[in-house]
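Engineer: The structure follows.
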Amino acid sequence: MTRSATETDLGRTRRARRIGRALTETHPDAHCELDHRNALELAVATILSAQCTDKKVNEVTPKLFARYPTAADYAGADRGEMEEMIRPTGFYRNKTNSLIHLGQALVERYDGQVPGRLADLVTLPGIGRKTANVILGNAFDVPGITVDTHFQRLVHRWRLTAESDPVKIEHAIGAMFPKRDWTMLSHRIIFHGRRVCHARKPACGACTLTQLCPSYGTGPTEPAAAARLLKGPRARDLAAAAGVDPVLVPVQAIRAEAP
Ligand code: SF4
């Protein structure tokens with residue numbers, strides 16, 4: 001489907017909300033994929049997730065969280081021991097630095113607690129605006145839009161904004177949706193990017209957004225070819241939701257880890 005270059009702002013906002021509703025139906029299981037029980041654990045997991053899959057982070061964190069339950073534990077950690085624990089997540093020296101400095105900053109400035117304000121969070125070592133929004137949305141119930149690589153790619157494919165700066169993207173998309181929806185919208189967009197609308201070969205022929213997406217055809221449109229590209233345990237449900245025969249989804253797709 002081609003979309004007119006003259007789409008009005010109102011028309012674009014309406015289409016964005018339709019996309020939001022379709023994603024709500026497509027991904028009822030959308031959630032923060034980093035396992036955590038509190039704001040500190042989420043901050044730590046988010047730092048570890050840089051250049052690493054959430055699945056790998058989730059394999060490492062149970063032991064890490066048990067060993068370092070408080071900010072003071074991170075502040076006083078033995079560097080070598082921590083490096084070994086988080087080594088599988090990559091860039092483990094830099095990440096160890098960030099975690100120790102994060103613990104120290106929390107102890108020195110925030111009484112060992114993770115603050116619940118964006119302005120405070122972004123002053124902490126290892127925590128940028130994206131991470132801060134993840135923490136606000138998922139540990140403090142403060143609505144936040146998380147502009148990661150999937151989010152950027154998808155809103156560009158949907159031509160909802162031409163901005164390339166993540167903060168400008170955050171504001172542009174935020175203006176189209178009620179604030180209370182921001183956190184879940186972010187999860188759903190990221191879920192769609194990981195399971196359907198991949199960077200290299202999006203599964204256009206097995207996507208629930210074909211009528212709303214001006215980039216339909218970027219990936220294979222033939223149902224069997226597209227069904228093979230779906231990923232994750234709900235791959236067959238995703239095919240069915242898009243009107244594609246679920247048996248076209250191979251077992252490997254269901255087992256495939258969403259990146
Ligand atoms: S139609 Fe294709 S490009 Fe558009 S959202 Fe679906 S998979 Fe992505």
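The backbone N, Cα and C atoms fix where each Cβ goes, glycine too.
Model, not experiment: these values are computed from the prediction.
Got these off TrEMBL a minute ago, pasting:
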DOMAIN    48-195  domain 'HhH-GPD'
BINDING   Cys197, Cys204, Cys207, Cys213  [4Fe-4S] cluster binding site
Engineer: Name, in the order they occur in the sequence, the residues of the same chain whose CB lies under 8 A from the CB of Cys197 ([4Fe-4S] cluster binding site) and which sit 6 or more residues away.
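Structural biologist: Long-range Cβ contacts: His150, Arg153, Leu154, Arg157, Ala203, Cys207, Leu209, Gly219.
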Engineer: So how many other Cβ atoms are close to Cys213 ([4Fe-4S] cluster binding site), meaning within 10 Å of its Cβ?
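Structural biologist: For Cys213 ([4Fe-4S] cluster binding site), the 10 Å Cβ neighbour count is 23.
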Engineer: Would you please pick out, from the binding-site residues Cys204, Cys207, the one with the fewest other Cβ atoms within 10 Å of its Cβ?
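Structural biologist: Among the binding-site residues Cys204, Cys207, the lowest count of other Cβ atoms within 10 Å belongs to Cys204.
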Engineer: When the pLDDT values for the domain 'HhH-GPD' (48-195) are averaged, what is the result?
Structural biologist: 96
Engineer: For the domain 'HhH-GPD' (48-195), what does DSSP give as the number of helix, strand and coil residues?
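Structural biologist: So the counts come to 100 helix, 0 strand, 48 coil.
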Engineer: Around the recorded [4Fe-4S] cluster site, report the further residues of that chain (criterion: Cβ within 8 Å of the mean position of the Cβ atoms of Cys197, Cys204, Cys207, Cys213; site residues excluded), sequence-ordered.
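Structural biologist: Leaving out the recorded residues gives Arg157, Val196, Pro202, Ala203, Leu209, Thr210, Ser215, Tyr216, Thr218, Gly219.
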Engineer: When DSSP is mapped onto helix/strand/coil, what comes out for Cys204 ([4Fe-4S] cluster binding site)?
Structural biologist: helix
